[in-house]
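Engineer: Quick one: the structure is below, questions incoming.
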Amino acid sequence: MNLSGKKIVVGISGGIAAYKCAELVRRLKDQQCEVKVVMTDSAKHFITPLTMQAVSGEPVSDSLLDPSAEAAMGHIEFAKWADLILIAPATSNIIAKMATGIADDLLTTLILATPAKVAIAPAMNQQMFAHPATQRNLKTLASDGMAIWGPGQGEQACGDIGKGRMLEPNELVEFCTSALKPSVQPLLGKVVTITAGPTREALDPVRFISNHSSGKMGYGLAEAAKKLGATVNLISGPVKINAPNGINLSHVNSAVEMRDEALRLATESDIFIGCAAVADYRAADIAEQKIKKQGDEMTLTLVKNPDIIAEVASLTRNRPYTVGFAAETQNVEQYALGKLKNKKLDMICANDVSQAGLGFNSDNNALTLFWHDEQISLPTSGKKELALTVVKAIASKLD
Ligand code: PMT
């Protein structure tokens, strides 16, 4: 039994798919896990607390302010008790409340109060699901680290056909199982070196050339590699975010400094990931004094920076498995594949940065991973969640 001994709160909000929750709880109980059910007031219009009590074998909780229940087990204790809180069905209303941190009933309060993993199984009319407000809220939940399971496609209770059906109980049980399975650490004993953030190429003592990289994607990769058991070196350009605990952080400014640090660490690494947005060019001469305004035009002479990742990938001794990123605004696949080949990489993460809200300096991202003989598309999600998927994909390719 994959879920044996696990503790799951099933939170039911008010949608027609709530009728599937009796089956969901029974299937979870088949796996010998403990299940407690929490219902919103509107959920009770779709399935009765008595039904849920019968299938879960536990009293159903629905109120924050119920003195008799508080005397038994403080409701908020559910937040600490649970290994997983699954909101199924998750209506557009509860998704919006969760995205803004509203806690006006027991279920939404538990969601804010829990250290456990929170997952939602969205279910609503296809038009409501496609609405920009719902999509915006889902992105927020994903970047807050919540898991979004579904929805499925098909005929809906209202007669519409489209995306918005709650996943079937057996599919949700599968998701619970993989979310709660003991974490494996495929990178235990491995060393991973990652570049992140922008580089700054000085023009004079007060000016520089740079870009909008925030470091979030690269720092997410560092956190993910650490989580999967690796010793992590993070070579970071200037960013405003904090590094994850327990990693070896080197601060650099320019591409040349980043290259020196990368080559120092690469040969003792099993994996090298170049996520930094490295300036391709730097000033031919850095002025010693602040450059003064001169006329209507000014010409800067730039020289090419070293290609850090190409140098790492060309190492002949102790070469790490080398992964690049390609931030592109057009012909994404073609340019990414060109870089995979020309830089002699093992894998490249193609990043379409033409879409608002993705890529540089955003919380979310979407990537296509290319190897020489395979590709995988990773849809939009929070950068931390995406980073974990990327690092797992890399780990799966090591001997
Ligand atoms: O930092 P965030 O705000 O989270 O944004 C993340 C990101 C958009 C910066 C990241 O996901 C990303 O796509 N990084 C690569 C950015 C880029 O501009 O790549 P590129 O196409 O210029 O370079 C291709 C590859 O060569 C990259 O792995 C890059 O690190 C590397 N490179 C490039 C130039 C150079 N001189 N040396 C290099 O090593």
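In case you wondered, yes, glycine gets a Cβ from its N, Cα and C as well.
Marked as active site, proton donor by TrEMBL: Cys158. Among the features that TrEMBL reports, CTP binding site is placed at Gly274, Cys275, Ala276, Asp280, Lys290, Pro306, Asp307, Ile308, Ile309, Phe325, Lys339, Lys343. Per TrEMBL, the feature domain 'Flavoprotein' maps to 6-178. The region 'Phosphopantothenate--cysteine ligase' annotation in TrEMBL covers 192-399.
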Engineer: Show which residues of the chain containing Gly274 (CTP binding site), separated from it by at least 6 in sequence, have their CB under 8 Å from its CB.
Structural biologist: Ile194, Thr195, Ala262, Ile308, Ile309, Val312, Thr322, Val323, Gly324, Phe325
Engineer: Over the domain 'Flavoprotein' (6-178), what is the model's mean pLDDT?
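Structural biologist: Looking only at the domain 'Flavoprotein' (6-178), pLDDT averages out to 92.
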Engineer: I'm trying to understand the geometry here, so how far is the Cα atom of Lys339 (CTP binding site) from the Cα atom of Cys158 (active site, proton donor), in Å to the nearest whole number?
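Structural biologist: Rounded to the nearest whole number, the Cα-Cα distance is 48 Å.
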Engineer: Highest Cβ count within 10 Å among the binding-site residues Lys290, Lys339: which residue is it?
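Structural biologist: Of Lys290, Lys339, the one with the most crowded Cβ is Lys339.
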Engineer: Look up Lys290 (CTP binding site) in the DSSP assignment and reduce it to helix, strand or coil.
Structural biologist: coil
Engineer: Among Gly274, Cys275, Ala276, Asp280, Lys290, Pro306, Asp307, Ile308, Ile309, Phe325, Lys339, Lys343, the annotated CTP contacts, find the widest CA pair distance and round it to a whole Å.
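Structural biologist: Maximum Cα-Cα distance: 37 Å.
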Engineer: Give the distance between the Cα atoms of the residue listed as 'active site, proton donor' and Lys290 (CTP binding site), rounded to the nearest whole Å.
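Structural biologist: Between the Cα atoms of the residue listed as 'active site, proton donor' and Lys290 (CTP binding site), the distance comes to 68 Å.
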Engineer: Would you mind pulling the DSSP three-state label for Ile309 (CTP binding site)?
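Structural biologist: It is helical.
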Engineer: DSSP secondary structure for Lys339 (CTP binding site), reduced to helix/strand/coil, please.
Structural biologist: helix
Engineer: These are the recorded positions: Cys158, Ile309. Which one scores highest on other Cβ atoms within 10 Å?
Structural biologist: Ile309
Engineer: Pick out which of the binding-site residues Ala276, Asp307 has the most other Cβ atoms within 10 Å of its own Cβ.
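Structural biologist: Answer returned by the neighbour count: Ala276.
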